[in-house]
Structures are given as structure tokens and as C-alpha cells.
Amino acid sequence: LLVNEFPYDSQVCTINIGPWSYTDQELHSTAGESIEAPKVDFGNSEWDFTRIIASERYSADNDTGFQFTEASFQLYVKRRPQFYVWVLLIPTFVITTICICGLFIPTNSLGDREEKVNLGLTTLLSSAVILQIVADSMPKASALPLLGNFILAEIFVVAVAVICTVLTLTLHHRANTRRWRPKKWMLKFLGMTASFRKISATFAPWVADFMASLRSLVAYIEDEDIDRLREIAWLKLFDRIDFLLLVVFLIGNCIVTIVVCQH
């Protein structure tokens with residue numbers, strides 16, 4: 001079997017029928033006419049007959065030393081992929097899409113990123129189980145079929161998405177704990193330069209004038225305000241990074257699925 005295109009594969013089955021006990025002079029076998037485009041459904045729930053070629057040929061029996069005629073039939077069958085599409089392909093696509101959305105969308109109104117890595121690992125486990133189902137439902141071959149390659153591609157997409165999520169989580173945590181200030185080119189690239197400067201420039205002078213007699217309290221309030229502004233800036237920055245990654249991975253997931261479905 002050629003299963004490289006599974007579940008969109010086509011197979012050719014050859015059937016030879018002949019009287020091995022009679023010579024061609026005693027019994028002549030005829031194959032009839034070929035059927036190029038069957039008008040009647042000869043298939044079943046899994047296979048469709050697309051072509052039937054009938055032919056006759058002479059064969060020799062080396063043990064008895066006589067010739068006989070055989071009727072040879074070549075059956076061209078094509079697999080019906082609907083079952084595998086609805087049971088394996090579409091669920092894999094949906095699981096991957098939900099995982100991508102869960103990885104790059106905040107889980108609450110405060111923008112916290114919790115349980116994202118666990119979601120990605122669970123999706124990888126689900127994809128591995130689906131891949132095992134595909135492997136069990138087909139003969140063993142030297143190469144994976146088309147559906148298996150699709151599931152591997154989805155696993156790769158989820159794995160890369162999890163890596164990106166881990167990197168953004170690590171950077172966000174370090175930015176808050178080590179009090180990093182967002183770079184100007186980062187804010188400019190994401191369109192946040194104006195709003196960040198406006199808040200930083202207008203709030204500190206107002207506090208300084210209003211609390212001039214309490215310098216220590218002013219310094220404390222300014223420090224707290226700077227920390228809050230920095231956290232908000234990093235939160236907005238990583239929210240936009242998550243949105244960009246969400247769009248990129250969703251487009252990549254759709255491209256992989258379309259390539260497989262159009263095959």
C-alpha cells in the first residue's frame with residue numbers, strides 16, 4: 001500500500017483469475033470490458049471505485065508445462081477521507097487554535113498570564129495521542145502519511161507557541177522584579193511612546209508642587225507612581241506582543257490546515 005497521501009490516497013488492486021488445471025485449449029478465460037468511469041457505486045463507506053481495467057493474458061505453469069489464460073482486473077480505488085477529516089483533522093485544528101488563543105490572551109482583567117504553559121503541554125499531549133491513533137489505523141511504512149505530517153506540524157506550531165509564551169513570561173517577570181524601563185524603540189514600535197511620556201511628564205510635577213512640604217512622602221509617592229507606570233507600560237507592551245504572536249500563529253495554523261485540505 002502507498003499511504004504517503006493518507007487519507008487522500010488512491011490504491012491499485014490487481015486480481016488475476018485463471019484455471020490453473022486446464023490449458024488454454026480446454027478453457028479460455030475472458031475478462032470482459034473495462035470500466036473507465038463507473039456510473040454505479042461499487043464502493044463502500046471507505047472506498048470508491050474510480051476505474052476498472054480488464055485484460056487477458058497467457059501464463060505458463062512450470063510444473064505441468066502447459067499454458068492457460070487468466071482474466072486480470074486492475075481495480076483503482078480512492079479512499080473517502082470524510083471520516084478522518086471530521087474525526088482527526090478538524091479536532092486537531094480546533095484544539096491547536098484554542099491553545100494558541102489561550103496562550104496569547106490574558107486569563108483575567110488584570111492581564112495575568114497563569115497556567116499558560118500547562119495549557120500548551122496539555123495540547124501537546126492531546127496531539128501526541130491523536131498522532132498515535134493515526135499510526136494505529138494504518139499500515140507501518142517508512143514515512144508518515146499526509147495526515148501524520150499535518151499533526152506533526154500542529155505539534156510543532158504548539159511547541160513554538162509554548163516557547164514564545166515562556167520567553168514572554170520570563171521577560172515580563174524580570175522586567176517587573178528588576179525594574180527595567182521600557183526602551184524607547186520598543187514603545188515607538190508598538191505605538192506607546194506618546195501615552196507613556198504624557199503620564200510620566202504630567203504626574204510627577206503635580207505631585208511635587210502639591211506635596212512640597214513633605215519631601216520624603218513626595219519621594220515615596222513618586223517612586224510608587226514610577227513603579228506603577230512602569231508596570232503598566234510593560235503590561236501594555238507584552239499585551240501587544242501577545243496580540244502580534246496570536247495573529248502570527250493563527251495565520252500559520254490556518255495555512256498548514258489549508259495546504260492539507262487542498263491536497
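Placed from the backbone N, Cα and C atoms, the Cβ positions cover glycine too.
The domain 'Neurotransmitter-gated ion-channel ligand-binding' feature in TrEMBL is assigned to 3-81.
The domain 'Neurotransmitter-gated ion-channel transmembrane' feature in TrEMBL is assigned to 88-190.
The annotation transmembrane segment is assigned in TrEMBL to 83-105 (among others).
The transmembrane segment annotation in TrEMBL covers 117-135 (among others).
Per TrEMBL, transmembrane segment is recorded for 147-169 (among others).
The annotation transmembrane segment is assigned in TrEMBL to 189-208 (among others).
TrEMBL lists 243-261 (among others) with the feature transmembrane segment.
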Which range wins on Cβ pairs under 8 Å with the transmembrane segment (243-261): 83-105, 117-135, 147-169?
83-105
Averaged over the domain 'Neurotransmitter-gated ion-channel ligand-binding' (3-81), what pLDDT does the predicted model reach?
80
